[in-house]
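Structure first, commentary second.
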């Protein structure tokens with residue numbers, strides 16, 4: 001741990017989110033904390049470096065290595081507590097870079113049980129002043145946590161022509177396509193989008209990425225009203241840059257956290273999904289069985305009466 | 001009257017299917033809505049997993065025998081359409097087998113032609129193969145089993161040391177064991193086949209005598225006491241353990257156990273769960289044509305009692321038993337009515353199950369007294385109407401997000417009613433006659 005006051009996690013005034021990559025003994029970890037002026041409050045950035053750029057490629061994969069299912073509290077803990085510290089080689093201490101990722105728009109497109117979640121992500125790079133920052137390649141990572149009532153079809157997401165802009169997409173968690181929501185667990189979709197090379201060199205007022213995620217509704221638990229409301233919140237976003245280091249390629253991760261207040265007022269979309277009504281249970285069962293019985297009796301009667309006979313043409 | 005030769009019909013059907021497959025590929029690439037069935041992608045993925053030495057069950061929702069994945073391995077290195085061509089070829093074989101079976105029973109040419117056309121140019125059937133659904137293979141195998149059972153001439157094995165007739169029973173048994181492993185539902189045909197292998201017809205040294213179609217079909221109503229198998233139970237119990245029956249049972253059972261055992265050895269419990277147990281215990285709460293879907297959904301959160309499970313199984317069991325006891329001697333008709341009833345009373349009904357009885361329909365129509373105008377047409381319209389009605393509510397539920405569960409469930413009740421009605425009408429208008437005649441003078445009379 002560095003003794004520099006800015007680099008100590010305990011000095012962080014606001015909530016940060018960091019990520020813990022794969023437990024790799026050879027990982028060169030680096031911690032960076034930067035205080036960056038932003039529109040309303042300080043954005044604190046921290047990032048972490050790995051020598052092995054493939055380890056922990058999917059952040060949710062690491063999450064599910066540590067946790068069995070997706071819960072908001074576990075996820076928040078995972079993001080907040082998994083921080084290690086070391087310095088990023090070649091980056092000076094007083095580096096001030098503002099990376100801000102925000103959701104400009106979140107909406108649900110379509111009708112019925114199959115819809116698309118449309119989100120518009122804006123990436124802004126504040127004034128940069130790192131003269132000797134090595135060449136780097138950045139990608140934006142978007143993690144959309146899905147509530148219990150909906151799921152994303154991993155096979156649908158693999159269809160290449162639909163998702164040309166994405167470098168990678170993967171679904172983690174419960175990807176069972178058939179079970180109703182009360183028998184399933186949550187899932188999350190992780191997108192990796194190419195942000196471009198050497199983007200930290202220049203100020204950028206805002207690049208926008210549009211995501212269209214196809215979602216499907218699960219069968220909901222029974223409800224008196226006949227509908228179940230499922231809420232989908234904003235995605236979590238970060239940016240990861242791969243820097244060419246002296247010995248190995250390194251990955252630096254940028255997180256642009258918003259504070260708790262902003263998060264609570266962030267947009268959610270509500271999806272109204274039809275659900276069975278408990279009041280129907282008794283009568284539906286009875287009528288179903290009575291109908292089955294009547295059909296059975298008709299067929300039995302017809303078979304016994306008309307087998308072995310010849311019918312005249314009328 | 002159409003005077004097309006079977007060869008021409010098959011050729012035109014083949015060209016048409018090739019065209020559809022190519023069109024399907026084009027549509028998949030360019031349009032949002034895919035022509036190819038989702039199941040085909042599942043099979044292909046499973047096949048490529050198998051080709052790389054892994055278990056096909058790593059692919060979620062793959063719930064078939066590994067044999068299917070094995071058949072589709074060329075998808076990975078020849079063309080991804082290989083499976084579709086295979087299924088469409090099976091489709092054509094079904095048409096050919098329909099022709100063979102009807103010709104064996106001396107059905108006139110024009111009726112044979114119509115029957116072939118009913119299968120080959122039925123929009124439901126040609127789309128099912130070209131979209132990549134594997135049911136045509138199942139249908140082809142069922143029809144081949146029927147051919148083996150009723151035919152004796154050109155199916156002998158040179159190496160077969162048993163008599164010609166036993167060879168065919170052996171062959172039928174082999175394919176039967178295989179198909180039960182492949183799809184399970186044909187197990188409902190086990191009892192009728194056993195009854196069918198009546199020693200009065202399956203006598204050693206002689207080919208069973210087929211009772212032919214005659215133009216006397218449906219002259220005056222006559223209750224022929226010799227035809228009514230009132231004492232079918234007595235028949236069965238008197239000479240149950242005949243050679244043909246034992247042979248059939250042993251061979252089909254062995255084939256089934258060997259296949260299952262072999263794949264269990266390769267893929268373990270996952271194979272057993274996905275390919276077999278899933279189908280036996282499947283209760284899907286998601287909406288489908290079955291009358292039980294809403295009942296299952298409403299009760300999904302609690303465990304159904306044994307009594308409830310039994311009650312839902314009872315109608316199926318009773319209907320199957322009665323149909324078998326009444327119609328087993330007329331094997332093809334028995335298969336047909338059993339399949340219709342099985343699908344109608346099943347806990348889950350999807351559109352692909354309809355092919356199971358569509359392939360048998362052309363085989364029973366020459367023996368039906370029902371004219372297309374207007375009874376036949378009414379039946380067709382009633383069945384399609386009930387289906388369309390269900391689909392409309394299903395569309396409102398799934399694509400418009402309206403809570404119409406109750407209406408959808410009532411539509412499925414109507415669909416069962418329509419199926420029952422049509423089944424009864426077909427039974428009523430069918431000229432029941434055993435497939436075989438007796439060798440002795442005690443021939444069953446068929447005309448006035």
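Backbone N, Cα and C define each Cβ position, glycine as well.
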Under TrEMBL, which of the candidate ranges B:317-337, B:380-400 is annotated transmembrane segment?
B:317-337
With TrEMBL as the source, which of B:408-427, B:428-447 is set down as transmembrane segment?
B:408-427
Best-packed against the transmembrane segment (B:85-102), counting Cβ pairs under 8 Å over B:114-130, B:174-197, B:317-337, B:408-427, is stretch B:114-130
Intrachain neighbours beyond the transmembrane segment (B:137-154), with Cβ under 8 angstroms and 6 or more residues off its ends:
71, 86-87, 90-91, 93-94, 97-98, 100-101, 104-105, 164-165, 168-169, 171-172, 175-176, 178-179, 182-183, 186, 189, 193, 196-197, 207-208, 210, 331-332, 335, 355-356, 358-360, 363, 435-436
How about the transmembrane segment (B:174-197) and the transmembrane segment (B:114-130): at least 3 CB pairs under 8 Å, pairs 6 or more apart in sequence, or not?
no
